[in-house]
């Protein structure tokens, strides 16, 4: 590129159209020209975009309290677990920001997290909300689909592929992401004697996960490994990827009881039984996880354990109404789009919560219960001109009686609603 002399005639900026005598400089490329003013403008645009891309990661790491506040907007209850997660995630990303030349040569190691709690207690939602809070790529994997390399199922590298896809194949962003592996308790060792049979979905998967949990440069096939064996591999360093492992660990309370029972020999035989299940989980130790079937090397790479409580009726009612994206708010908005008001009675909210507990689905089952109650309404209302309000009652949930429907003047339309 070069500056044209002043004796050149009729040279104009290809972008703004100004003549060369109207600007300070005119620079030429291959058949095109650009003036100094357009160069400055383009430079500003590029700088703004670069700054925006930088902010897509986090420029200022939120404090544990700020992380906790954000979690509180979306996740009801589980205060201890949220506090543990907020501190752990803050320390993890503070460690990443600190990486580089170190005067005291103290190396901060990664601490992955285990979430232990029943189905529907909020494990996945916590992990998702953390990733959203920090604006980092996030991927979910199911441990039950994983097998050792060479067996039918997913390789552990497929977990990394999902994170890379979530980062739009930006490896730098993916290397600072979060991966949530659900149902990690399902890869517990099936037998104390591993020589009896090959445990390809248990201890074998734990062994395969060890390296990526700790930190390694993994080779990831961009289209999945087994169907496209000749594809070029993507290299990704897992050292700074935070792994959150979730599982219900059904029966681990009995493991803890046995350990506590050994310590109370000589006391009343029911001494250990005074602990309820949630109090027992507070007593969990690495040796309990080992007795459950996790190998010591695997446990060592997940040093932080947070326990989630079983949600009671009051907690489930709050989940239905309080979070920013609460289900009641979602369905209310859905019917608003058809100019229909939706209302849930207090008794209906209690009935929904009680049914979720009966089904042992926790918060995860709330949506399906509401869908069952509203399916006919959502089918009929868009073509009904005289319905302006729908009220979900306790009978709607427990007795499958249709909701109360009201017209614009507040008159009850379906007076025969109580006839089953």
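Cβ coordinates come from backbone N, Cα and C, glycine included.
What Swiss-Prot says about this one:
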- 1-54: domain 'ClpX-type ZB' (DOMAIN)
- 13, 16, 35, 38: Zn(2+) binding site (BINDING)
- 118, 119, 120, 121, 122, 123, 124, 125: ATP binding site (BINDING)
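Report note: the Zn(2+) site is defined by 13, 16, 35, 38, and the residues of the same chain whose CB lies within 8 Å of the CB centroid of those residues, excluding them, are 14, 15, 17, 18, 23, 26, 33, 34, 36, 37, 39. Between the CA atoms of residue 123 (ATP binding site) and residue 35 (Zn(2+) binding site) there is a gap of 57 Å, rounded to the nearest whole number.
For the pair residue 13 (Zn(2+) binding site) and residue 124 (ATP binding site), the Cα-Cα distance reads 55 Å. The C-beta environment of residue 121 (ATP binding site), restricted to residues of the same chain at least 6 apart in sequence and closer than 8 Å, consists of 78, 308, 309, 310, 311, 362, 363. Sequence-distant contacts of residue 35 (Zn(2+) binding site), defined as residues of its own chain at least six apart whose C-beta falls under 8 angstroms from its C-beta, comprise 13, 15, 16, 18, 20, 23, 24, 25, 26, 27. Within 8 Å of the centroid of the Cβ atoms of 118, 119, 120, 121, 122, 123, 124, 125, where the record puts ATP, the same chain has further Cβ atoms from 117, 246, 308, 362, 363, 364. Cβ packing within 10 Å was compared across the binding-site residues 13, 16, 38, 125, and the lowest neighbour count falls to 16. Each residue contributes its Cα atom, and for residue 38 (Zn(2+) binding site) and residue 125 (ATP binding site) those atoms are 47 Å apart. Of the listed binding-site residues, namely 118, 120, 122, the sparsest Cβ surroundings within 10 Å are found at 118. According to DSSP, residue 38 (Zn(2+) binding site) sits within a helical segment.
Around residue 119 (ATP binding site), the C-beta neighbours below 8 angstroms that are at least 6 residues distant in the chain are 248, 360, 361, 362, 364.
Fewest other C-beta atoms within 10 angstroms, among the binding-site residues 123, 124, are seen around 124.
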